[in-house]
Number of protein chains: 2
Amino acid sequence: MNATASAAGIARLSTRDDAFDQRLDALLDWEGVSDQAVQTRVAEILEGVKTRGDAAVIEATNRFDRLSAKTMQELTLTPERLEQAYNGLPDEQREALTAAAGRIRRYHEHQKPESWQYTEADGTVLGQQVTPIDRAGIYVPGGKAAYPSSVLMNALPAHVAGVREIVMVVPTPDGVLNELVLAAAHLAGVDYVFTVGGAQAIAALAYGTETVPRVDKIVGPGNIYVATAKRAVFGQVGIDMIAGPSEILIVADGHTDPDWLAMDLFSQAEHDEDAQAILVSWDAEHLAAVEASIERLLPTLERADIVRASLGARGALIHCDSEQEAVTLINRIAPEHLELSVAEPERWLGNIRHAGAIFMGRYTAEALGDYCAGPNHVLPTSGTARFSSPLGVYDFQKRSSLIHCSAEGASSLGKIASVLARGESLTAHARSAEYRLKK
Amino acid sequence: MNATASAAGIARLSTRDDAFDQRLDALLDWEGVSDQAVQTRVAEILEGVKTRGDAAVIEATNRFDRLSAKTMQELTLTPERLEQAYNGLPDEQREALTAAAGRIRRYHEHQKPESWQYTEADGTVLGQQVTPIDRAGIYVPGGKAAYPSSVLMNALPAHVAGVREIVMVVPTPDGVLNELVLAAAHLAGVDYVFTVGGAQAIAALAYGTETVPRVDKIVGPGNIYVATAKRAVFGQVGIDMIAGPSEILIVADGHTDPDWLAMDLFSQAEHDEDAQAILVSWDAEHLAAVEASIERLLPTLERADIVRASLGARGALIHCDSEQEAVTLINRIAPEHLELSVAEPERWLGNIRHAGAIFMGRYTAEALGDYCAGPNHVLPTSGTARFSSPLGVYDFQKRSSLIHCSAEGASSLGKIASVLARGESLTAHARSAEYRLKK
């Protein structure tokens, strides 16, 4: 198999190619950097909302989403409106959404960290107290990428964490509302919805306005304006990771139906032209079979154009020498989604150091995890699984250290602290500790 | 008590003052925003290191730290050099540092999250796998704020987390090394030390150079150039919070020795002119007594000038009406350090929603926690305890979701996923799920 493209346009690589490392780097390369023009525009919007509040939010929304709102009230959806959307869904959709929400909630219940403490021999108590954040902001993209599943995945962990108030923002370009998105907000326990988006929504959540309450943390994906605004307000509020395009790495041992794998690759590639779908196997015949499935099935897809573009630009079928080499590739790529379409996937786990979510075995299509298996579908992209985690309950909680020294403990610790503080020339620290020494 | 300043220059406020809210806001206000000039300079340095590697790091280091290094070797400290620093310490310092490291390590062992999984009735397995990051970068400030305790507090959690390699950077302006800092690096299991600082050190860690290995996450405080560079490389690597000036809020019930409390306030204020020390009590006489202690003791401090400046600019003695009002103030301020100098501090815990570290009881001086009690002294500042946590083992680990569907599970989940995917017009997702339905 050479470093060439198939008829379906997907690159074929082999780890034995001379230039394999460079080709893989080029495929993986992604920089979501905003240029100076975007930065300047975002800075202006942030400053406008900070100083003029609602008025600036309304102006920006009218301009970018082609609306003509006069008041924030027109950009606010009531809990009744959300419930109405939920009740108005076809039975099949309402039941599927409710079942998904139940499973997502149950999984996330397992993530709740416990407060803990321990007592030392001299009576000193040390520990850590876990508390929820007060108010969370959820950014939900509008338009073509308005996904009700994302509303569940962002809001439910906050709800499980015990967040007091969940505020959602979602742009409605040209005034178009997505009923499934509103129904999901109802189901996930969202308290307020404002139909604003872009940097103006991030600013409103970060600084607060007359109408939009200031939140403590903002989560959820968005376009380059949203990402730039989130980076700018980081520190003022907490934010989740800045998301890049979605990607999957599938490792196949050659015994999964090639049509299944082709469709799994498509399900990633259909997101958008920048999405990335890569298949790795040490079985060259199997790779050829999947390639044939791709060529046969691709024309049957509703979103064939998007899939062809993303497979052509960023997809790959990679032939490697062995399982061991596949593991090396996994850890190098640190994929958002890893599908282990192999006989004994649990045997692989101990060697996988970096992956957002691991889909194990032939039956576990990524699509099941995207909607309803339970784990979160907001996952670290572009190799950031090297240092970050799926969105979870822990993102909506924080910890406080607890230190309660006994008189005895303060005396023995005070001696150590005094020496170290004087070593740092911080003598008020030293004297504060020394006051607590036993005479 | 009026909104006036005492002879020692510390503001006196009462929650009954008409303008109390505004005065408190003004006191708390802190914006660590970098101006355009800093941003541009940092962007240039980042770009230089990204494209020219070691050469750019050496140039910047020679320029900003007034050195004349020709090679990175001259800016590298070997493990032997660190050990030599440790062995060369006076016995008392070496023992204190070792005792502190032991306690910090023990506390952080309690923070290790466990991987978990559960099996559903149809055989589907869901879970979460916890793994350490591969390589961590620790930024240690140089010059007057070079603190060996910070080396322990940053590196030990990484070590406990199981990080494979810990890389430390510390600027050495004019070539001055701090032996205690090097000894702490030895004790905390640091693998490499480079004597570089500023934006150039952040760039080297984020991008890697010929000599400096690329890390996955950068932690540790620094000046405005370091903070700006960290914000810029966020996403390329993980970063911890961007730190503001250090602060303490002490709540006193009137029965702690006023001299102790005055010294506790000083121990915060002596850090730098921007540090903040606030005392709250519902006992007006006690506040007056602490104020008298401040006036008497302040002139005896080695760092009296810094303390006078920070107490004058950002300190306060606040008279409130009740315990309840003190709790409200705590949650509004969300302090980095909270000292509960009261009779039954554990009774307060349930009502405290936001604080970095809680020092409970009259014996628990903040200084004990700064050095050796065990919990981390890297804490969320400037109200960011609303959404963030002390630095901990969890900062050096990440999670991967695990999903292993049984054939039965894939079939029942596939039905739900199919409905929701079609609702989002993602039909390749739907078909990928439908392949796994039982016939």
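A Cβ is built for glycine as well, from the same backbone N, Cα and C atoms used for every other residue.
Cross-referencing A:SER246, A:SER388, A:SER389, A:SER406 against the substrate binding annotation in TrEMBL, which names A:GLN268, A:HIS271, A:HIS337, A:ASP370, A:GLU424, A:HIS429, picks out A:SER246. Taking the mean position of the Cβ atoms of A:TYR139, A:GLN200, A:ASN223 as the NAD(+) site, the remaining residues of that chain whose Cβ falls within 8 Å of it are A:PRO141, A:VAL169, A:PRO171, A:GLY197, A:GLY198, A:ALA199, A:ALA201, A:ILE202, A:GLY222, A:TYR225, A:VAL226, A:ALA229. Geometry remark: A:HIS429 (substrate binding site) versus A:TYR139 (NAD(+) binding site), CA distance 44 Å. Secondary structure at A:GLN200 (NAD(+) binding site), taken from DSSP and collapsed to helix, strand or coil, is helix.
According to its DSSP assignment, A:TYR139 (NAD(+) binding site) is in a strand. A 10 Å cutoff on Cβ-Cβ distances gives A:TYR139 (NAD(+) binding site) a total of 25 other Cβ atoms nearby, all chains included.
Of the listed recorded positions A:GLU336, A:ASP370, A:GLU424, the Cβ environment within 10 Å is emptiest of other Cβ atoms at A:GLU424. Checking the recorded positions A:GLN200, A:GLU336, A:ASP370, A:GLU424, A:HIS429 against chain B with a Cβ-Cβ cut-off of under 8 Å leaves A:ASP370, A:GLU424, A:HIS429. A:GLU336 (active site, proton acceptor) has none of the binding-site residues A:TYR139, A:GLN200, A:ASN223, A:HIS271 nearby, counting only those with a Cα within 10 angstroms of its own Cα.
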